[in-house]
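J.: The structure under discussion is supplied below as structure tokens; questions concerning it will follow.
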Amino acid sequence: MLADNKDLFPLKRICLYDIRSEHQDIVGEYGKILVREYYPELEEFIYTTDETVAFENVDFALMQIRAGMIEMREKDEKIPLKHGCVGQETCGTGGFAYGLRSVPEIIDLIKKIRKQSPEAWILNYSNPAAIVAEATKRVFPDDYRIMNICDMPISIMDQFGKLIGCTRYDFEPRYFGLNHFGWFTHLYDKKTGEDLVPKVKEKLLNGHVFEKGGEDEHLWDKSWIETYNFMSNILRDFPEYLPNTYLKYYLYPNHVVNTSNPEYTRANEVMDGKSKRTYNMMREVIQAGKLKGTKHEIKPGRGVHARYIVELAACIANHKNDIFLIITKNNGTIPNIDPDMMVEVACRVGINGAEPLSMEPIGTFYKGMMENQYAYEKLTVDGLFEQDKQKLLEALVLNRTVVDTDTAKAVLDDLIEANKDYWGKLFQ
Ligand code: G6P
Ligand code: MN
């Protein structure tokens, strides 16, 4: 994606950083070939597990970590299901467990980056982004160069664009909520100002079916196709705004649990699918020593996940002031919501950071949903920072995917056991 965008976002140096050399070697060697063929202008490409090398003199740190890796994701998804709760990596108790692993690592990483590159833009995809953002706000309150973001609304907008015969570059979104918990209020046509939401709604309500394929890897897998198709169900029940796909887990937890396979979750689908495909592809490229002229040749325009973060970096570097959805402190953006809440809203983004576009007060339903969910997120971070198990229990009871106290206690016990190598001092 960086090579794809080199005209807009020209770079001198790319450095890949990871903590697992056995995985990184493959990515790094593949990267060397890619850079040689597609980015010869680049002065330096390196990969390293040495943070002092990686974090020196950085302008942009594009960051995504998965604390506990896919093996722990599998547990995050399967443990809740055993208790009849939603098993999802970022929602509900799975996201909670992931958050308690993720936050300390991310804070540590940001501190290290800040030591060596005090002015770097840190664009962070790491999940669960809502909890991560609540934590980074507290630890780095004035650091506007840390931006927590999520590509989900972009993937959704790509699909909306397809539904109505345009691309997401043809419209500007207005959106509000928390991460993985929000709604599109408007999609304004950039040329005419027309709100395209009614057209999208019409397509969704009149039986549009999302099918396998396209540039977005999400739509290559069965579970994600189902999730996309579920959007019209949500819209039928809550017709005011266009929903984020993740609302499925909060608004229909019974349906989700009943249609989940406790033995085979998304983590398994990823391990058997996307992950295997990607590593096999890289190994083949390394063996062949080339990409161009092989079936793995890079096709411009492919990929969504990486595109969003690179577009954001380019927008900042060029001070373009385009609209992005960013997780940021509410600060009055939604007037009838806690100013401290980390909301996901439309922002103009440039060299001075993200400037949220203020909104009208939101309705009681959305306000209630957000306040409840934010209380869960806050208590999760409180519980972690204060090493307070009571707060963690309270967090889980507030989560819409749990609610029942006995269930929350039982899941929490299982999660403590499963995460004992990660949650560290928390429960000693
Ligand atoms: C979307 C979300 C991410 C999430 C990812 C999971 O992109 O915005 O926050 O991590 O989906 O996708 P996967 O293919 O790993 O299930
Ligand atoms: Mn996300």
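Residue 1 is the first one shown; counting continues down the chain.
Even glycines carry a Cβ here, placed using N, Cα and C.
Automated prediction, rather than curation, is the source of TrEMBL annotations.
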J.: TrEMBL records ARG73, ARG266 as substrate-binding residues. Which of ASN124, ASN127, ASN318 is assigned to the same site?
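T.: For substrate, TrEMBL names ARG73, ARG266; of ASN124, ASN127, ASN318, the listed one is ASN127.
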J.: Residues other than ARG73, ASN127, ARG266 within 8 Å, Cβ to Cβ centroid, of the substrate site?
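T.: Counting only non-site residues, the set is ARG66, ILE70, ASP76, GLU77, GLN88, GLU89, THR90, GLY94, TYR98, ALA267, VAL270.
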J.: Among the recorded positions ARG73, ASN127, CYS150, HIS180, TYR246, name every one whose Cβ is found under 6 angstroms from ligand 1, counting any of its atoms.
T.: ASN127, CYS150
J.: According to DSSP, folded down to helix, strand and coil, what is ARG266 (substrate binding site)?
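T.: Helix, per DSSP.
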J.: Taking the Cβ of ARG73 (substrate binding site) as the reference point, list residues of the same chain whose Cβ is under 8 angstroms away and which are at least six residues distant in sequence.
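T.: Set apart from ARG73 (substrate binding site) by at least 6 residues yet with Cβ under 8 Å, we have ARG66, GLU89, GLY94, TYR98, ARG266, ALA267, VAL270.
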J.: In sequence order, which residues at least six apart in the same chain have a CB under 8 Å from the CB of ASN127 (substrate binding site)?
T.: ARG66, GLU89, THR90, GLY95, TYR98, SER102
